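What TrEMBL records for A:1-103 is domain 'HPt'. Marked as phosphohistidine by TrEMBL: A:His46. According to TrEMBL, the region 'Disordered' annotation covers A:129-148, A:239-346, A:739-759. Marked as compositional bias 'Low complexity' by TrEMBL: A:131-148, A:245-254, A:268-303, A:317-345. Look at TrEMBL and you will find A:386-594 tagged as domain 'Histidine kinase'. Per TrEMBL, domain 'CheW-like' is recorded for A:596-734.
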Amino acid sequence: MDLSEFSDTFFEEADELLVEIESHLLDIDPDDPDPEQLNAIFRAAHSIKGGAGTFGFTVLQETTHVLENLLDDARKGNLSLNSRIVDQFLEAKDMLKDQLDAYRNGTAPDQEAFEALCQALQRIAEENRAGADAAPAPAAAEPPAQESAAGAGFELFDGASADADDGTPRLQVRLREVGEADRTLIIEELGNLGEILDSGGDEACFDIQLATEESPDNLEAVLCFVIDAEQLEITPLGGGEDEATAAQEASAPAEPEPEPEPEPAPAEPEAAAEVAGSESSEPAGEAGESPAESAAPEQPAAQDTPVAEEPKPAAPPQAAAPKEAAKAPAKPAAAPKAGKAGAPETSSIRVAVDKVDQVINLVGELIITQSMLNETVNGLEGVVNSDLLNGINLLQRNARDLQDAVMSIRMLPMDYVFSRFPRLVRDLAGKLGKEINLVTEGESTELDKGLTERIIDPLTHLVRNSLDHGLESPEARARAGKPREGKLVLSAQHQGGNILIEVRDDGAGLNREKILEKARANGIPMSDNPSDDEVWQLIFAPGFSTAEQVSDLSGRGVGMDVVKRNIQSMGGHVEIMSKQGQGTTTRIVLPLTLAILDGMLIKVAGEIYILPVSSIIESLQLRSEHLSSLPGNVQMLKVRGEYYPVISVYDAMGLRGLASETDEGGRGTAVMVQAGNIKYVMLVDELLGQQQVVVKNLEANYRRIPGVSAATILGDGNVALILDMPDLYRLGQEARVRRGGPSDAARAPSASTEEAEQA
Amino acid sequence: MNTAAVLQDEFSGIPGENGQYLTFILADEEYGIEILRVQEIRGWSRVTPLPNSPTYLKGVINLRGTIVPILDLRERFAMESLEYSSTTVVIVVRVEHEDEQRVMGLVVDGVSEVYTLGKDQCQDPPEFGGSLDQRFVKSLASVDEKMIIVLDVDAFLTAELQRSLD
């Protein structure tokens, strides 16, 4: 079988698991770790290890193995965590990611880094072991069940150390009711995994002594291909050998308790199913063996209760004797969680984004066809065609629902973005010597996948800036009478058709004077008494950032122009609010999706254009007496006591010849729109109504047109242009400057509608 | 050139070698474009004008869900423009720019013939000046004493993309 086609799936899953590991590691309290979380981390590492083994990614497998062992110790309370160990785990996670990427790109992972990390992890293990040997304190952390079997516990513990000392732990593999042919196969298999020291017995009970580095779990996983899990029993042969086993069997927690509990090992569900099946078939075939089997002295429990669950190997495996014993109490926690972890996988499927986009495009076409039908049907006599009309109405509703449903496929919760920040903040805060409390809000807010991915970089930039330059050191904060711990909030929320993403800190805030000073030094023109807003916008000026670093302001502008450009290319904009001494809020406003837009259809010069509804504040009836002129062809409209600049679409788009806008009585229609930070009034001929439109790129076959962001296809099959509000404002201003000049008439371009309509 | 080579060239459709060309009429002159670039030929239909664009760019149409720009070749070549009639034809061509394929429509007076032109029938255009931009002309071919101006359709797109935004 060619595994390579599955490896992509493995990479994706492993990526997700690594993210999960990281989030748990960041969340965990080293002094009082939540066993649930440790289990979750362990399981994730274990899954990666399993996958890596399957695909032959040896280095990855070994790294996870080392990590897994430590995690196993930790979750059983044999390893007391501290922040240094957690750091080490995080580093290990980073390296796993590197290795994963290396395998994904078909290159060899960094061997040196691997060895270094393994040593570091090994050190932790050794230190811990040394500590544990010196004072069996960990026992206190272990569950009481373990202590009831204190004698066995210590014995086992010693055994574990002994194993570790002589290098290769020895295991006893006991096979029950295994036929000759299978036995040979198994012995051969085991021979590959380790050194067979001794073997013997009969079909009912066959013992193999094996010196191997493999864990019993691994052996079990291998052998399960040949025989059922319940036919197999693996016992570590440590220092105490039989005594250990016996002691263990005597001890309550090791044997009977694990019995009814589901095993968290991944192979388990199949095993359980297999067992259930074999339960009915095997005894029939090998009924004669049953008495012999029940005579087997070491396995009374398994015999007594033929439950569908596989009995845990009677004695704990390898260098993990005490861990195994502790597994009993750990299991109940693990079992339900395992069920939960499994659930999302079965209830979701992986689909290539291309396919989803294809569906979205098709739905877009469907919506267009549907509105085309709608328009045709509108002219029909209602009574005669009531069935048809009802059908069309139903179709319209269904198409809308379908569209919503399809769009939601592409939506990802913001958690996808936010989840990478705890790590970044933790690392940076440590590096900068700052105390920072990161709070995320609105993680479940959904955003189009395409946008989610593109928002990460700008957001990272803003968070870095806040940490680096916004939030002060604990000392400075104390001096300023603020709590030592700085607060950084990442939040997301929906507002209309937009999503607002904020990076909020309670740091020093922007320094107005310094920014102005710097702007002057850079020769950026500005008015004599700029508003705060205007000043904050200065940090987005390109080049503002590249200037040499200036104390507490420095870097605030580093790459801010890039941030702004990125956001604008996504159809959004950035706002900054800042109060000196109190903090800074950077707000990113983005449309929820780029594929479909709520549009207001307007008519200008006989053509239909579309305004994004999200940018419309209100529509107004224009009266010429409310218009006042400023020098330089600037017109202002007074709306409820405030003046707003007026832009004519005719001027901005260079449309001529059919100018109506205002009738003889000086009346007309105007729309007040918001373009970034600017509000202005746009003069149009007519408002036609609202409609959802599918955004079509003009650049696909042509190029960008000034004042136009994209195009769409209307119900009648004609193309309509979607206006770009900020660009229109710019064009309007330019047109004002040109107006009255002789070049004006010559410039008026193609919008000769008469010509176009001669069809 | 032996027959086999001719056949091979014909099938491979290598531009400049033997290839089939669709010709169309523009102000009584015959122009040719590679037939493999032609996607379809359709009648003139209403376009949506693009503001802030040159006059020869008539606008955009909806071609089965994609938005396609329409260029008037008469106006592009600074010839006298003609009123569109029922015989006015739009040739939809596939054009390339930096390995990206796009589609655009060319308004012409009418389509004429399909010719197979051998390399020996074509010559590189001399410097000719005049209103026709040299960039757009790939070669001049002669068929039965007639001159056919073979156009480079990619050049139209390149020229559009290079036109600076104002």
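The backbone N, Cα and C atoms fix where each Cβ goes, and this holds for glycine too.
DSSP assigns A:His46 (phosphohistidine) to a helix. Secondary structure of the domain 'HPt' (A:1-103), assigned with DSSP and counted as helix (H, G, I), strand (E, B) and coil, comes to 84 helix, 0 strand, 19 coil.
With helix defined as DSSP H, G or I and strand as E or B, the domain 'CheW-like' (A:596-734) counts 21 helix, 79 strand, 39 coil.
Mean per-residue pLDDT, taken over the domain 'HPt' (A:1-103), amounts to 80.
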